[in-house]
Amino acid sequence: MGGSGSRLSKELLAEYQDLTFLTKQEILLAHRRFCELLPPEHRTVEESLHTRVSFEQILSLPELKANPFKERICMVFSTSPTRDSLSFEDFLDLLSVFSDTATPDIKSHYAFRIFDFDDDGTLDREDLSRLVNCLTGEGEDTRLSASEMKQLIDNILEESDIDRDGTINLSEFQHVISRSPDFASSFKIVL
């Protein structure tokens, strides 16, 4: 990545800065990290902007490896029809949303999409169960019993389901998140 052909143009950098919450330095670092995942023959700027990286490769990044929602994060940000890879722009979008400077509304919108495992626009009991299992782990010693899970989900819905339809929609989720001062600072990935 040392040659002059391996740097993003000033125009492209400016465009990415306008479209994301990232600084010029963060964009350059993101490009370098993305290119490290590409085969050497695809590391030119032109190739890197048109080559997709598999989830397997993206998930090898230390910043994502330990995240319990790593697969969902990749799926939500992938523009691939098969949702199995990320382009550089997908990768930038991901990093932008998880940056310190992204707005709480943007962060909560994407958190909702990540937690909506069945992509139906609501968090139902199954989504909430999967969310809890991701957070607690699915090992014998950490997994909640069926009655504990039911009680926890009942409590979550009691607190969050304002319209009492048995699910949490985006506005209900954002209302709950707005009362959580640590959410925005904990919803981040730093390269």
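Placement of Cβ uses the backbone N, Cα and C atoms for every residue, glycine included.
Quantities reported herein were computed from a predicted structural model and do not represent experimental measurements.
According to Swiss-Prot:
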| type | residues | note |
| --- | --- | --- |
| LIPID | GLY2 | N-myristoyl glycine |
| DOMAIN | 103-138 | domain 'EF-hand 1' |
| BINDING | ASP116, ASP118, ASP120, THR122, ASP127 | Ca(2+) 1 binding site |
| DOMAIN | 148-183 | domain 'EF-hand 2' |
| BINDING | ASP161, ASP163, ASP165, THR167, GLU172 | Ca(2+) 2 binding site |
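For the binding-site residues ASP118, ASP161, ASP163, the greatest number of Cβ atoms within 10 Å around a candidate Cβ is found at ASP161. For the recorded Ca(2+) 1 site, residues ASP116, ASP118, ASP120, THR122, ASP127 set the reference point as the centre of their Cβ atoms, and the other residues of that chain within 8 Å of it by Cβ are PHE117, ASP119, GLY121, LEU123, ASP124, GLU126, THR167. Comparing CA positions across the binding-site residues ASP161, THR167, GLU172, the one lying closest to THR122 (Ca(2+) 1 binding site) turns out to be THR167. In this structure, the CA atom of THR167 (Ca(2+) 2 binding site) is 9 Å away from the CA atom of ASP127 (Ca(2+) 1 binding site). When averaged over the domain 'EF-hand 1' (103-138), pLDDT in the model lands at 96. Each of the binding-site residues ASP116, ASP120, ASP165 was assessed for Cβ neighbours inside 10 Å, and the highest tally belongs to ASP116. Broken down with DSSP, the domain 'EF-hand 2' (148-183) shows 23 helix, 1 strand, 12 coil. Comparing GLU172 (Ca(2+) 2 binding site) with ASP116 (Ca(2+) 1 binding site), their Cα atoms are 13 Å apart once rounded. Within 8 Å of the Cβ centroid of the Ca(2+) 2 site, not counting the listed residues ASP161, ASP163, ASP165, THR167, GLU172, the chain contributes THR122, LEU157, SER160, ILE162, ARG164, GLY166, ILE168, ASN169.
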